[in-house]
C-alpha cells in the first residue's frame, strides 16, 4: 500500500556529513520516533522507523583500509622494479664514467659548470654542508609521499592522476638509468669534487647498509629528485591547492636544484632532464587513459580513468537528490527518500 510520511530534518542548506546520519521520524503525535534502526516495523502511528545503520561506516572503513593496502602494494611493486633494473642492468663502471664526463663537458661548453664553486661553499662551511646533505636525503621523499598521502586521505579528485603520473615519472627515470647510466660528479675520478653526502652521512643515503645494497649510485641523468619535486608542484596546481602552496613548491624546486648541484650529486644539466620527466609522465598517463576508455586495455596502472575521477575505493552513499525538475517521489528508492525543501516524501510498502 502506498503512503506518505512527513520527516522533519535540516532546513534546505548544505548538510554536514556524518558516519551514520540519523533519519528522525515524526509519529502521529508530532513526537520524534528514534526507536530502533531501519527494521521495517511501524510504531504506534504505523510509520516505518528509518535510521541509517552504522554498517555503512564500517564498510567505508574496510574499503579505505583495502584502498590503502592496494596503494602500498603498488608502491612496493615500483620499488621492486627499481631494484630489479638496478641489478639486471648494472653496466661497466667505465661506461658510466664516460657518460658522466660527457655531461660535464656539455656543462663546460654551455658555461654552466658552477658545480665546483657551489661544492666549495659547502666544504668551507660545514654546517651548511650538513644541512644540504640532510635536505638532499629527506625532503624530496617526505614531501612527495606526504603530499600523495594527503591527496588520498582527502579523497581528492586529482589523486588518481597524481598517483599514476608519479609512477610514470619513476618508471621513466628507471628506464633512463638502465639504458644510459651516468656517474654523478661526486663519484667521478679526478674531477676534484667533494662528496658532501658521504662526508655528513645523513640517514637513508649512500654509505648506509640497506641503501648501499639496493640503490643505484650511477643514476645522475635525469635527476629523480627534480622529477619528484616538480611533480609535487604540478599536482598541487592541478588539485587547486592555492597560490601559497604553489609558491612553496616553486621555492622547494629552487632549493632542491641548488642542493643537488652543490653536494655534487648531480650535474646542472640533470635539472632540465628531471623537469622533462613530468610532461613525459603526463603524456604516458593520457595515452593510458585513452586506451582504457577505448577498451584497448583494461588498465595498465591501478585505479580507473584518471581524467577528473575522484578516489574510487570509498563506497558512495546512495544519492538523496532527484534530478532537477523531477516530480516529487521520482528520485526515491526503497532505502533513501527524496528530500524536497526539508520534507522527505517516499512511497513504500
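All positions are counted from 1 along the displayed chain.
A Cβ is built for glycine as well, from the same backbone N, Cα and C atoms used for every other residue.
TrEMBL entries are annotated by machine, without manual review.
Among the residue ranges 51-69, 108-126, 165-183, 184-202, the one that TrEMBL annotates as transmembrane segment is 165-183. Outside the transmembrane segment (165-183), and at least 6 residues removed from its termini, the chain residues within Cβ reach (under 8 Å) are 74, 78, 81-82, 85-86, 88-89, 91, 93, 95-97, 99-100, 103, 144, 148, 216-222, 224, 227-228, 231, 235, 273, 277-278, 280-282, 284-285, 301, 306.
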